[in-house]
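*Asks:* Got a structure here, written out as structure tokens. Questions coming.
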Amino acid sequence: MAGRLDEDLKDVTLLGNQNTKYLFEYSPEILEVFDNNHPNRDYFVKFNCPEFTSLCPKTGQPDFATIYISYIPEQRMVESKSLKLYLFSFRNHGDFHEDCMNVIMNDLIKLMDPRYIEVWGKFTPRGGISIDPYCNYGRPGTKYEQMADYRMMNHDLYPETIDNR
């Protein structure tokens, strides 16, 4: 199989762009997609995002997290540089940890319409407590809906040893 042609990537504008603009306000419109060349196969795509930051909506203090985004694509896939810039746009966004994870998941569902997706944030402790919100989605009426239920019930059965992240 030959690699992707330039015409296949016409909607991917941020990758390789040396004039990248970093947006400091929540910007879902920066997300870009490309076609999944393997839509007849189930497979996971996982992003490990260790530099996520947002702001506490009450105090304005920064929150830091590693975010794990895993999804099973259908027809469209998120382009990784646009995802990086999108996550960066949360830098000055004031929202609770749980809200940030659900907003990210909802934006990616709207963008890609994946078969399945999960977003897990592992935030560094503040005030001696770390918060690790997990959300997922499986396309209704399909095996992915059942998969989402199963993974929700079993996603964190083994407590981790916290070493201050």
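Each residue, glycine too, has its Cβ placed from N, Cα and C.
The model shown is predicted, which means the values in this text are computed figures rather than measured ones.
Below, the features straight out of Swiss-Prot:
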type	residues	note
ACT_SITE	CYS56	active site, thioimide intermediate
ACT_SITE	ASP63	active site, proton donor
BINDING	VAL78, GLU79, SER80, HIS97, GLU98	substrate binding site
*Asks:* How big is the gap, in Å, between the Cα of GLU98 (substrate binding site) and that of ASP63 (active site, proton donor), rounded to a whole number?
*Replies:* 12
*Asks:* Between ASP63 (active site, proton donor) and CYS56 (active site, thioimide intermediate), how many Å separate their Cα atoms?
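*Replies:* Roughly 7 Å, rounded to the nearest whole number.
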*Asks:* What's the CA to CA span in angstrom from GLU79 (substrate binding site) over to CYS56 (active site, thioimide intermediate)?
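*Replies:* Spelling it out, the Cα of GLU79 (substrate binding site) and the Cα of CYS56 (active site, thioimide intermediate) are 28 Å apart.
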*Asks:* Show me the subset of VAL78, SER80, HIS97 whose Cα is within 10 Å of the residue listed as 'active site, thioimide intermediate'; these are the binding-site residues I mean.
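*Replies:* The binding-site residues passing the 10 Å Cα test are HIS97.
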*Asks:* Where does CYS56 (active site, thioimide intermediate) sit in DSSP terms: helix, strand, or coil?
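*Replies:* CYS56 (active site, thioimide intermediate) sits in coil per DSSP, no helix or strand.
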*Asks:* According to DSSP, folded down to helix, strand and coil, what is GLU79 (substrate binding site)?
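*Replies:* For GLU79 (substrate binding site) - judged by DSSP and reduced to three states - the answer is coil.
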*Asks:* Largest pairwise Cα distance, Å, within the listed substrate binders VAL78, GLU79, SER80, HIS97, GLU98?
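*Replies:* Overall maximum Cα spacing for these binding residues reaches 24 Å.
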*Asks:* Hey, what's the Cβ neighbour count for VAL78 (substrate binding site) at 10 Å?
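*Replies:* For VAL78 (substrate binding site), the 10 Å Cβ neighbour count is 23.
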*Asks:* Quick one: of ASP63, GLU79, GLU98, which of the recorded positions has the smallest count of other CB atoms within 10 A?
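*Replies:* Taking ASP63, GLU79, GLU98 as the recorded positions, the minimal 10 Å Cβ count falls on GLU98.
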*Asks:* When you tally the Cβ atoms that lie within 10 Å of each candidate's Cβ, which of the recorded positions (CYS56, SER80, HIS97) has the highest tally?
*Replies:* HIS97
